[in-house]
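The structure appears right after this line, and notes come after that.
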Amino acid sequence: MEKARPLWANSLQFVFACISYAVGLGNVWRFPYLCQMYGGGSFLVPYIIMLIVEGMPLLYLELAVGQRMRQGSIGAWRTISPYLSGVGVASVVVSFFLSMYYNVINAWAFWYLFHSFQDPLPWSVCPLNGNHTGYDEECEKASSTQYFWYRKTLNISPSLQENGGVQWEPALCLLLAWLVVYLCILRGTESTGKVVYFTASLPYCVLIIYLIRGLTLHGATNGLMYMFTPKIEQLANPKAWINAATQIFFSLGLGFGSLIAFASYNEPSNNCQKHAIIVSLINSFTSIFASIVTFSIYGFKATFNYENCLKKVSLLLTNTFDLEDGFLTASNLEQVKGYLASAYPSKYSEMFPQIKNCSLESELDTAVQGTGLAFIVYTEAIKNMEVSQLWSVLYFFMLLMLGIGSMLGNTAAILTPLTDSKIISSHLPKEAISGLVCLVNCAIGMVFTMEAGNYWFDIFNDYAATLSLLLIVLVETIAVCYVYGLRRFESDLKAMTGRAVSWYWKVMWAGVSPLLIVSLFVFYLSDYILTGTLKYQAWDASQGQLVTKDYPAYALAVIGLLVASSTMCIPLAALGTFVQRRLKRGDADPVA
């Protein structure tokens with residue numbers, strides 16, 4: 001007798017699982033960057049439009065497919081058509097790539113969390129040099145937060161070619177991160193369903209606490225004004241619309257197979273349309289809410305740096321030209337500098353290299369995303385707060401909850417097709433399959449803890465999923481609407497939920513959403529082609545800054561392999577099915 005499929009304890013567990021998976025680090029470190037780059041408040045216009053015409057329809061489609069077929073990604077697409085099993089395989093491959101490197105972020109968060117209990121915070125000051133006559137040269141040229149990230153955390157090599165060895169402290173943190181993930185997925189929906197209550201809700205508690213603290217910081221209003229002041233001209237920028245569509249697409253986690261896996265554990269009568277709307281709205285609200293928190297903190301950091309710059313320049317000019325204490329202010333500094341340059345040209349030119357141009361606007365314009373925002377900009381702001389240890393613990397605990405929540409979805413996308421397979425599940429219990437997946441990912445993930453690990457992390461982060469996911473979701477929409485049949489799919493949903501599918505969803509699925517995906521695919525493909533030689537940012541310890549370098553030939557080969565290994569699953573699986581059927585038909589033909 002076939003074993004009954006496990007179910008979520010209730011629909012709330014399912015919603016929390018989807019929120020925990022979809023709401024991730026991208027909401028905290030990419031959306032604020034896009035707001036900063038594309039006109040602050042005006043970026044919300046293309047973002048909300050793309051949410052309505054792309055995000056909600058595609059999320060509803062994946063949830064409906066999972067709930068209707070009641071299988072993981074491979075089984076679900078094979079049921080729709082035997083020629084489409086490669087779509088599910090491609091999703092599993094992409095999720096496997098993501099799991100390989102994504103948990104390294106959780107390892108870094110653990111590393112920073114453990115160091116957050118020190119007083120003072122280890123990234124708040126530069127260490128002394130070897131003979132204790134001054135500060136470390138690399139740290140002085142960079143900053144204490146950059147030094148802690150690049151040297152103490154990553155111990156980064158000067159280039160991708162110099163791999164170095166595995167760093168044992170980050171490696172232990174990665175081992176811990178995978179152990180936590182394994183314990184969370186050990187019993188399938190039974191254990192995951194309980195964990196997601198925490199991973200989905202606790203980040204909001206921390207964000208609310210941070211919002212209250214952020215709004216009380218000196219200079220927070222400067223950051224919020226910068227965010228909410230719209231630059232209307234950006235609405236005419238095609239890249240603003242492209243990036244809005246991209247952010248919606250990737251922040252919801254479409255194409256990985258995780259949403260299909262989660263929905264497959266629903267009751268058939270579950271209202272997946274309502275849940276798709278709820279999850280997508282909460283995801284977008286979180287991005288905007290996190291941006292308010294980020295820009296209040298960012299405003300504090302920018303104001304702190306700006307006022308520090310003013311103090312240093314004022315002190316330098318006061319001491320050099322014997323000015324009266326307190327004479328120089330923010331309002332007259334530029335005017336006095338101009339006067340001193342004309343009145344004492346030789347003296348002023350000698351000290352000119354030490355005189356910085358202090359500008360609050362330029363501080364706010366400095367755009368940072370990804371790990372730079374999470375582990376450098378935020379820590380720069382935290383170190384200047386009162387009771388900095390508390391704020392550091394809260395922040396990195398929040399990052400962990402977001403990261404672990406996303407990892408639960410990533411691993412579900414891999415595990416569900418494996419446990420659905422009768423061949424595998426008949427020989428291995430669920431706990432063993434989960435353990436093997438975690439062990440393999442952890443072992444491969446050790447590459448990212450090497451001295452060149454951060455460069456490999458960037459390669460996987462930039463190229464493992466982008467084009468592959470666009471192609472996967474494009475094939476998904478075409479498969480449902482034109483292979484399985486939109487009318488047939490519509491009648492299935494009505495039979496399951498008792499509700500008719502509105503014309504809006506059908507128009508989006510059959511026309512608008514696929515056209516948007518094709519547009520994104522063409523944009524990214526042309527962008528890669530026009531870019532020419534692919535480059536990466538390498539850390540130069542002698543300068544204390546990042547420098548641009550060309551990827552070596554073997555790295556380009558890895559990038560090509562990452563893209564091809566997932567996308568080629570779709571045509572190869574279809575070809576394999578075709579050949580298999582032809583052979584069977586040939587065997588069935590009578591001998592003449």
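Heads up, the Cβ atoms here are built off N, Cα and C, so glycines get one too.
Swiss-Prot gives the label N-linked glycosylation site to one of Asn131, Asn155, namely Asn131. In Swiss-Prot, Ser73 shares a side of the membrane with His275. DSSP assigns Asn131 (N-linked glycosylation site) to coil in the three-state reduction, outside any helix or strand. Counted over every protein chain shown, other Cβ atoms within 10 Å are most numerous around Asn357 among the glycosylation sites Asn131, Asn357. Between the transmembrane segment (432-452) and the transmembrane segment (6-26), the number of CB pairs under 8 angstroms, six or more residues apart, is fewer than three, so the stretches are not in contact.
DSSP gives Asn357 (N-linked glycosylation site) a coil state; it is part of no helix or strand. Comparison of 166-186, 242-262, 390-410, 466-486, 555-575 by number of C-beta pairs under 8 angstroms to the transmembrane segment (43-63) places 242-262 first. Of the recorded ranges 6-26, 195-215, 242-262, 390-410, the transmembrane segment (505-525) has the largest number of C-beta contacts under 8 angstroms with 242-262.
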